[in-house]
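K.L.:
One structure, as structure tokens, below. Some questions next.
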Amino acid sequence: MSSDKHSARFLNKLKMERVRTMLTHTYPYPHEHSRHAMIAVIMGCLFFISSDNMHTLVEKLDNNFKWWSMYACLLGFFYFFSSPFLGKTIQPSYSTFSRWHVAWILVAALYHLPSFQSMGLDLRMNLSLFLTIYTSSVVFLFVFHIVFIGFWHLGLVSRVARRRPAILTILQNCAVLSIACCIFYSHCGNRAILRQTPLERRRSSNSTWLTKLVQIDELKDQVCSSWFAPVGSASDYPLLSKWVIYGELACNGSCPVTSDEISPIYSLWATFIGLYIANYVVERSTGWALAHPVSVNNYEKLKKQQMKPNFLDMVPWYSGTSADLFKTVFDLLVSVTVFLGRFDMRMMQAAMTKTCDGDERKELLYDHFTDMDDFWFDFMADTGDGGNSSYSVAKLLAQPFINVPLDDDLVSLQRGNVLLIGGDLAYPNPSAFTYEKRLFCPFEYALQPPHWYKNDSISVEKPELPEGVSDLKHYDGPQCFLIPGNHDWFDGLNTFMRYICHKSWLGGWLMPQKKSYFALQLPKGWWVFGLDLALHGDIDVYQFNFFSELVKEKVVGKDDGVIIITHEPNWLLDWYWKDDTGKNMRHLICAFLKGRCKLRMAGDLHHYMRHSCTHQSDGPAAHVEHLLVNGCGGAFLHPTHVFSDFSKFYDASYDSKSAYPSFKDSSRIALGNILKFRKKNWQFDFIGGIIYFVLVFSLFPQCKLGHILRDDSFSGHLGSFLGTVWSAFVYITEQSYVSFTGVVMLLVAAIMFVPSKISRKRRILIGVLHVAAHLTAALILMLLLELGIETCIQHKLLATSGYHTLYQWYKSVENEHFPDPTGLRVRIEQWTFGFYPACIKYLMSAFDIPEVMAVTRTNICREGMESLSRSGAAIYYASVFLYFWVFSTPVVSLVFGSYLYICINWLHIHFDEAFSSLRIANYKSFTRFHIKSDGDLEVFTLGVDKVPKEWKLDKDWDSEPRSTVKMSHLRRFPSKWCATTSQQDPINTVKIVDHFVISRSDKEVGGS
């Protein structure tokens, strides 16, 4: 704040009428510049390569199909490995690591292939330049940024300039700049290479018609001479003459005199550094604002318009690096093995209620709605996953009215007086972070809490009503009642009690409840029983006593209608798993309510389905008239087609009346497991890559592959290849220890992974087929990698002169390509006591992973594994793993995704695993109820097919006057964010997916 005032005073002294400032870009600096610089470097490389060597590439395509096949295979694997990270920034930093990892080992592999060397881009030469330029760039840019930040403290640059670029971004910019210098210098600045290219061009100038099309040599030479030529000589710039490290004399050995010519590599580097600094300064300082003046009054408004909510993404259920998921597994194990059956928070609640007050009913029964005439209430469940989906539903719930079409008419649906949430409030585990970020944050954006409410406050005496409101009957705002789900019980209900039972506001919804279960008495004889099933799948004896006493004491009348809310839809899950749960609940419904249960609602399954009883005259009477599942409050989508055959519950028959998404759409969505599994679950690489490497660990190296390469026909190659795959499998079963142990462990895990609803024999069969597919894929990838190395070794491209081949080549051509007329290099070696050449030597060896792998492989094949030391074996397997990781991760995702698709669509198993992998935020819905004047209950289920991903500040919300006394539910526009594209906003895309009426009599009077 003080710096802003200092800057404003400085500008006032300059008598500037407007404050010059920079507005935030769509992609904040410096990410955008890095992206543009990388594109420029790539385009420049393609230009030079095509201008020099397109004719060579065409000739090699005709004559060397083998090498081009290797190129296609190598680049294909690297592309599929990198595809989830292209065009976007992903957190955590694994995506950045993957980019640099791919760039490193891809370049290291490509420069060994013969076709790449012929394109004029000799990476061995460029690598030596890269190290020097990169170090100089890092030092220079760090000094520049420190100086620029000092100018900001003096008030010489705009207020937004204080945003410091990340260190990793500076390093990335330096790498891009250094690569650009090396590439352009190798094509334009090295005369030793340029002397050879005109003759080669003349020899092949008339080879093919395609060569004539791509001959742009003259344009290339003009670009080099005009853009990248040296800028004068050292005598013209005496202050810069000391910077001359390499002259461009192209002399052999030591040059007799010091060159007066400024090195082109310095000229190019200085140009790029100057462009970087100029671009940075112009955007960050007042210079940018001189062309884009913005008044002080408009600055804050424009800044607000560019604000965006910081929503969390959908939970990555297949992440191998997520601490939240490991904590979820640990909490679940503790809850099930330690507390289940030994400690129950519901028992503690009952004991505390009876201890504090002899009458427990007032803390569990809420009857302040009974006198209301026009009563609406909403139901949703399974929120707290992705921020976009949770906010979309919360925004619809917060609107005072929703206008939707129904039967060629437009109906207006009023906001519910009560919001009922059916559990699973935050994923993947209950914690302060997940509750605050995944539950409270979206709801507070949708409907703000009172201005006097503090988020960290604890409600001692509930309800905490606004000033001037005496009791709940006189409060006209929306209220919220919640039950816990299985995810809320993973920590023994601790977080639920802290954030729900001991807090008063969920956004703008008042939370009066004090326990995890409740009974609501609604107008016109309607009741809501909110039951807490914990992890047992049933109510405990204390809940049973409370609800049964309401019936026995005739608090619930004979003609009243009861709506029971549970988290799990045991009617569907028991049918699916062939189980029988909820016996206490069944006894309550059948023996006490006796037909008064008009509707059962639940979440847990993240879709919408409704089943209604068929009222057969010769069949048993239905104890529940309607069964409704709506778990579309924000969590990932679940399939509906898996449950399409459900028809029986409590011995009564039911028909499927509505499903959202439809059975057909649900089956079609499952196809995404094949096409999108890795894109959605790239963090699964950590697990999949290691598993595949363990499966083939004992098979490295394969020393006898010559028979595959010696065959003449394609069928011969294929037959030899498949025979080698089978031999490798036999070796694993008969001689391997590590790989065989990995196969056995994977087989046990695969069999246990198959759901228990099918027979043991089928589980074993499915598990064996699943593991066989993975093992076959791993063996094929292993052989492809070994064949590639063997081919390069036979053609003398690898393993020619030891581990330091690259450094040895560099020393042999150092004086020819990089003359040192001033003797600076020798002095640096003396000053560093030989540390400088040693660093260059081992850096080049670390870069040249294929050479290390090939040399070690040759030694093993010649002398045996016993000849390797432990460190040598570790280096060899680490180098193999770096490449095998890239090859295996896309394949393991493809195989596993195909397995999930086959299981969900053909066998109807893995409904949870197959759709949690897709992380679909679309198809969100909630159910709105209206108690009509005649006592009938009209039900509307509202859905949104596509959830927006981009949000902006809602102008209507921002322009509406906000009074410090006025509650947020009284506002016309209560929600802060709207979709960037108005046509995608949930208010404009919401539709009715189901509509029916529950009569006070025993029949359904309407439906659609």
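Sequential numbering from 1, following the chain as shown.
For all residues, glycine too, the Cβ spot is worked out from N, Cα and C.
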K.L.:
Quick test of your reading of TrEMBL: among 314-332, 409-427, 561-579, 713-731, where does it put transmembrane segment?
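P.N.:
Based on what TrEMBL states, transmembrane segment spans 713-731.
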K.L.:
As a test of reading the model: what is the averaged pLDDT for the domain 'Calcineurin-like phosphoesterase' (379-581)?
P.N.:
92
K.L.:
Report, as numbers and ranges, which residues of the same chain sit near the transmembrane segment (682-701): CB under 8 Å and 6 or more residues beyond its ends.
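P.N.:
Long-range Cβ neighbours of the transmembrane segment (682-701): 84-85, 90, 94-95, 316, 318-322, 728, 731-732, 735-740, 742-743, 746, 774-775, 777-779, 781-782, 786, 789, 857, 860-861, 876-877, 880-881, 884-885, 888-889, 891-893, 896.
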K.L.:
Assess whether the transmembrane segment (737-755) lies in contact with the transmembrane segment (764-785), where contact requires at least three Cβ pairs under 8 Å among residues 6 or more apart in sequence.
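P.N.:
Output yes: the transmembrane segment (737-755) sits against the transmembrane segment (764-785).
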K.L.:
Which one, 97-113, 764-785, 874-902, has the most C-beta pairs under 8 Å toward the transmembrane segment (67-85)?
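P.N.:
The stretch with the most contacts is 97-113.
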